[in-house]
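So the structure is just underneath, and the comments pick up after that.
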């Protein structure tokens, strides 16, 4: 016997899912005719029995009729919208679990671990990838409060999720580990909240640890953020120690939203997900007005009109309500079936009641580009559909069509960082069962064109290059520009010398150095992005025994001596292997690619010369030796001139074969050379 949830009926079939939400099944009408009337209620609980002849029979045991929450009970002054922000692994999701338990949103059990982390990739990696919303109902001093909590990611690659979440909030809980203290992402997230003019409540977590030193962390917070130490709340989210005071501080220190129910509807779409049955589920923050089921709404971005099918609160699962009011955060389903219709940052308003659109979000700026191709070209359309649906859930990914002679049709995708790229690839595999070839990540370069003719051709003076094969020749440009980032490193002071040497080796320029307490240093460096994007973080962690933390933010572009490096096989350029490198690093990068190719290419009957070239200058070379017959096998002694004659004739034949022979690089050789190297 298994418990299932009946989601509704479609085309004479019951839409049913397992209670944990893993699988959907379709069961025909005849087997559940007796329950037809009752099961029209969606989400009715049913039991599935397997009889002796293995026929499936549904019998309705109980119709779960949850009363819809009356959201009008919460006036604007009793609403608090806040996010939890912190560095990676400082206990954001654990604190969210305790807050959910304290307010009775979820039952208190030992299994409550990262309840809001719903994705498989989040469970496997132990990190938050997607910001999650939950509405909590809390009674304080006889008043019923509505607390809208957003749990955010902590890794630098997902800072776009944090900035989006902050747009729907009036305050933040800044969580700091009592053992590790302030880390790089703590600083970055604080300034995101500070720039958004939000109230900041510092929370020192993990005070139950043996090496915890909350007094030291209080001093760090006071020095780095100018927040008085008496405002810090010391808690242990794991044990639930003093967590109640966090809720009190949220009510006392975070202001209610500035919203008016009497004004026309203005709702900001700050996140969205895709459901194959119900279409787009948009997470909205209401700045003005009221929205209810049956309302006709308009998207400010597309100007399309939709009818609202369902509105509700996230508690933390979807809970339908009659209406949502100004100042509240919830979800909305309006029959948006196309993934391009739900734009993050869009403003929704009532039909025939136009309003001025909300500012929305600064679009995410991709830091890393990589080619993505289906392993089999017959899977192209399936992969296209999967990428479209996943980019709706993750709007920070940019997509460009691309083709390759060796790998076929595909895409050039822009990501916020290397971890973001890995997570996106993992989600494609897990959620859409799509296997792909992912090429080595590159960064976007710029070139300033030299002549008016070229400017007219490209329609702009400064062009952006995301594909190395399109890198213009030096004769066409006045200068090349490479992206730079301002990196923040926080480390114990005994590792400072080693880390400075690493930064200098990566062409970093030191901008600042500050002691945040007696033995921790904050370094600020200006780095070229291509120097840190692949393996800098790993090198930093190994040099500092895992104690250093790193965060970076975009700092524009700077002039650089960049060169286009071609890879030649017997004198012929292989377009897929063209790379853009800094002049000083060209030799070492060219040598690595040549060595990888030598290991990947199959031997031929003639010699293959693998060369890395900048223009006409060869900077690295490897040779794949030819298969060769032993022509001296029949010579048992005799004159040396006889042997030399046979060897000379063989060499001439090989030379002739090399001129007419074409090298076909197999697909798996390209994959070995192009794909990211995990051991690097």
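Cβ atoms are placed via backbone N, Cα and C, with glycine included.
Per TrEMBL, these features apply:
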| type | residues | note |
| --- | --- | --- |
| SIGNAL | 1-34 | signal peptide |
| DOMAIN | 77-258 | domain 'Tr-type G' |
| BINDING | 86-93, 151-155, 205-208 | GTP binding site |
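TrEMBL feature annotations superimposed on the structure.
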residue: 86; record: GTP binding site; Cβ neighbours (10 Å): 28
residue: 89; record: GTP binding site; Cβ neighbours (10 Å): 17
residue: 92; record: GTP binding site; Cβ neighbours (10 Å): 26
residue: 152; record: GTP binding site; Cβ neighbours (10 Å): 27
residue: 155; record: GTP binding site; Cβ neighbours (10 Å): 22
residue: 207; record: GTP binding site; Cβ neighbours (10 Å): 19
